[in-house]
Amino acid sequence: MRVVLGPMEGVLDHLMRQILTEINDYDLCVTEFVRVIDQVLPDHVFHRLCPELMQGSQTTSGVPVHVQLLGQEPHWMAENAIRAAELGARGIDLNFGCPAKMVNKSKGGAALLQHPELIHSVVKACRDAVPANIPVSAKIRLGWENPEDCFEIVDAIQSAGANELTVHARTKQGGYKASEIKWEYINKIRERFSIPLIANGEIWNFEDGQRCIETTGVDSLMVCRGAFNIPNLGNMVKHNHTPMVWSDVVDLLIYYSKFEMKGDKGLYYPNRVKQWFAYLRQSYPEANELFREIRTFNKAAPIVEHIQRYRDELQSRQSQVA
């Protein structure tokens, strides 16, 4: 089985990739999207979103990182794919699945699912532009509204020469509703097409992963949101590990405080750790108590101080029980 840590715009940056690949056996990571409009972006944009380019396009633990591009103009997508490759990208991933309204309004992401011919043009332009040894992949949803549209979309991508395709098994209109997941369509795609597939959507534990593999016939899986709910989800899905216990999550939150973004004026950790709590609270009820203590702070120092104090009290309670 292969497990990929998927992209999450505004959430899964290089620091989170570093942390999550240190504690999980992921096979691949994909960056947040590089938004392409009508120019070749300056190098600092690629390095900001993928600083791993300066260390062999891999995380510090050695997991390959592919650069994700989002746009609808074939020429400029290809030109930026070339630049990413020149900067050392191990792979180029094309985003045709982002459901965000602002992205779709500007004709990016999932909006292109309504235009398979344009998807074909973008993929072909990028595939023709970069060296053959650099894979060009794509990520889609099943369609804008009708999942039956997936076959025309996949045909457009495969015929354009893409090396791999991730399928999020919901339509754009299906959002993130569990009831809208349609893994069976990935199986239908696998039966009709030869392009290698990665299955994505509603994989929250080992059992989900196994059911997805059984339903789709695909043994490459991508996890995204769940990786923030339970930090060791990659190992749960791949190796049937038990969920990380809450005390270890607290240690991870403290470890996260050691990272800081250059030039962010000390706001990185407070903003991102609160964002992380929004996910943790869905899987760890204990997170609610700790979040209430830190939510009004906007500096890293008092947040870390409170988390450390909470950890010490937690360890004290655990030792008394033992």
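Please read every residue number as a count from 1 along the shown chain.
Backbone N, Cα and C define each Cβ position, glycine as well.
The FMN binding site annotation in Swiss-Prot covers P7, M8, E9, Q68, K139, N200, G201, E202, C224, R225. For C224 (FMN binding site), the same-chain residues lying six or more positions away in sequence with a CB closer than 8 A to its CB are L5, G6, P7, M8, L12, N200.
Summarising the environment of R35 (site 'Interacts with tRNA'), the number of other Cβ atoms within 10 Å of its Cβ, over all protein chains shown, is 18. Secondary structure at R35 (site 'Interacts with tRNA'), as computed by DSSP, is strand. Under the heading site 'Interacts with tRNA', Swiss-Prot lists R35 (among others).
Per Swiss-Prot, the feature site 'Interacts with tRNA' maps to N95 (among others); the stated evidence is sequence analysis. Non-local contacts of N95 (site 'Interacts with tRNA') by the CB criterion (under 8 A, 6+ apart in sequence, same chain) comprise P7, F33, Q68, L69, L70, G108, G109, A138, K139.
If you draw a 10 Å sphere around the CB of C98 (active site, proton donor), it holds 22 other CB atoms from the protein chains shown. As annotated by Swiss-Prot, active site, proton donor applies to C98.
Around Y176 (site 'Interacts with tRNA'), the same-chain residues six or more apart in sequence whose CB sits under 8 Å from its CB are R170, R225, listed in sequence order. Summarising the annotation, Swiss-Prot assigns site 'Interacts with tRNA' to Y176 (among others) and lists sequence analysis as the type of evidence.
A helical conformation is recorded for R272 (site 'Interacts with tRNA') in the three-state DSSP classification. Among the features that Swiss-Prot reports, site 'Interacts with tRNA' is placed at R272 (among others), with the record citing sequence analysis.
Positions annotated as site 'Interacts with tRNA' by Swiss-Prot, on the basis of sequence analysis: K274 (among others). Over all protein chains present, the Cβ of K274 (site 'Interacts with tRNA') has 15 other Cβ atoms lying within 10 Å.
Taken from Swiss-Prot, the feature site 'Interacts with tRNA' covers Y279 (among others), and the record attributes it to sequence analysis. The C-beta environment of Y279 (site 'Interacts with tRNA'), restricted to residues of the same chain at least 6 apart in sequence and closer than 8 Å, consists of R225, F228, N229.
The annotation site 'Interacts with tRNA' is assigned in Swiss-Prot to R295 (among others). Around R295 (site 'Interacts with tRNA'), taking its Cβ as the centre, 12 other Cβ atoms fall within 10 Å, counting all chains. Under the DSSP three-state reduction, R295 (site 'Interacts with tRNA') is assigned to coil, being neither helix nor strand.
The two recorded residues, R295 (site 'Interacts with tRNA') and E9 (FMN binding site), show a Cα separation of 22 Å. Considering only the recorded positions E9, G201, R272, K274, the residue whose Cα is spatially closest to the Cα of R35 (site 'Interacts with tRNA') is E9. Note on proximity: of the recorded positions E9, C98, G201, the one nearest K274 (site 'Interacts with tRNA') is E9, by Cα distance. In this structure, the recorded positions under consideration are K139, R272, and the one with the smallest number of other Cβ atoms within 10 Å of its Cβ is R272. Between the CA atoms of E9 (FMN binding site) and R272 (site 'Interacts with tRNA') there is a gap of 13 Å. On a Cα basis, R272 (site 'Interacts with tRNA') lies 24 Å away from G201 (FMN binding site). Secondary structure at K139 (FMN binding site), taken from DSSP and collapsed to helix, strand or coil, is strand.
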